[in-house]
Amino acid sequence: SLSAGLDLAGRFLFAILTLMTLIADLVFIEEVIYIYRKIPSSKRSILIWINAAAPVIATTSCIGMWIPRSAMFTDFTASVFFAIVIHKFLLMMIKECGGQKLFLRRFENGRFKISTGPCCCCCLCLPGVRITRRALFWLKLGTFQFAFFRPVFMFLSIVLWTNGNYSLSNLSPGGAAIWISCFVGILTIIALWPVGIMFQQVRILLNCKKIIPKFALYQFVLILNHLQAAIINILAMQRIIPCAPPLPSSARGAYITHQLLIMEMFLITLISRVVYRRRYDELEPPECISEEAGNNKQTP
């Protein structure tokens, strides 16, 4: 623990960040109570998982800040949790369209635009894929594989670490860290692709349910928890972030990452409460939409 070696300014900073984490957790608990009271049971679990992303990351970062030696375990825990949230976010978009059956009926003649990020954003010539039950299954599988394999790679990393074969500072081809990181990176890109495809398909239909702000919050959590942490970790390993006894460069990089994440996840928790708390207009059933289209054709 670092608390014994902190000066007055350091203790004040730790106290403020810990208070932010506690407030984020309390806001989330209040949000869970609201979801159980006001939201239909079919959507409760998904919304709780998605809203829990920022408070969980803030909590794991707070633990990592107070106990630097636990940083690897807290970071892995946050990554595994967010891997599940990616899958849940895809399911939420389908659920907001009325579920899988109504989704297929709404878009029965449509096509998924697969030339989207992060895999194929540059391949604009790719043809669309017909929206069928099979295509929907493959999109779900794309996010589910990450929710399944991320804990497996976490367990493997911890086993190798206890045996002395895994170190984030050892990125040589002979080390396990570089290979595990590459596999996790590929699985992450594969998981983010279906979410991007689904968002492009439903963003106009679900505009009344504020899907764009929800997707933006999801993207912010993803970028801050993964990309920001990776950049700071690289700077620390290259000694660009200097050591500050008793912390070496790598530990100081993790220390900075945790402090930034607590502040960022605190703000995202507050914004999420506003975005997910609003009353939304329910979508019209597909039959009503088709009848209105038929009436419009007959009117002239």
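Cβ atoms here come from the backbone N, Cα and C positions, even for glycine.
A TrEMBL annotation is a machine prediction, not a hand-curated record.
From a predicted model like this one, the values you see are computed outputs, not experimental measurements.
The list of residues near the transmembrane segment (12-34) in space but at least 6 beyond its ends in sequence, with Cβ under 8 angstroms from a Cβ of it, reads 2-3, 6, 48, 51-52, 54-55, 58-59, 61-62, 65-66, 259, 262-263, 265-266, 269-270, 272-273, 276-277. Per TrEMBL, transmembrane segment is recorded for 12-34 (among others).
Positions annotated as transmembrane segment by TrEMBL: 46-67 (among others).
According to TrEMBL, the transmembrane segment annotation covers 73-91 (among others). Tertiary proximity for the transmembrane segment (73-91) is limited to same-chain residues at least six positions away from its ends with a CB under 8 Å from its CB atoms, namely 46, 49-50, 52-53, 56-57, 60-61, 63-64, 139-140, 143-144, 146-147, 150-151, 154, 157-158, 191-192, 194-195, 198, 218, 221-222, 225-226, 229, 254, 258.
As annotated by TrEMBL, transmembrane segment applies to 137-161 (among others).
The transmembrane segment feature in TrEMBL is assigned to 176-195 (among others). Same-chain neighbours of the transmembrane segment (176-195): 83, 86-87, 89-90, 93, 116-120, 138-140, 142-143, 145-147, 149-150, 153, 156-157, 160, 165-168, 170, 218, 222, 226, counting only residues six or more beyond its ends whose CB sits under 8 Å from a CB of the stretch.
According to TrEMBL, the feature transmembrane segment maps to 215-236 (among others). Taking Cβ pairs closer than 8 Å, the transmembrane segment (215-236) reaches residues 50, 53-54, 57, 75, 78-79, 82, 85-86, 89, 168, 188, 192, 195, 199, 203, 249-250, 252-254, 256-257, 260-261, 264-265, 268, 271-272, 275 in its own chain, all 6 or more past its ends.
Residues annotated as transmembrane segment in TrEMBL: 256-276 (among others).
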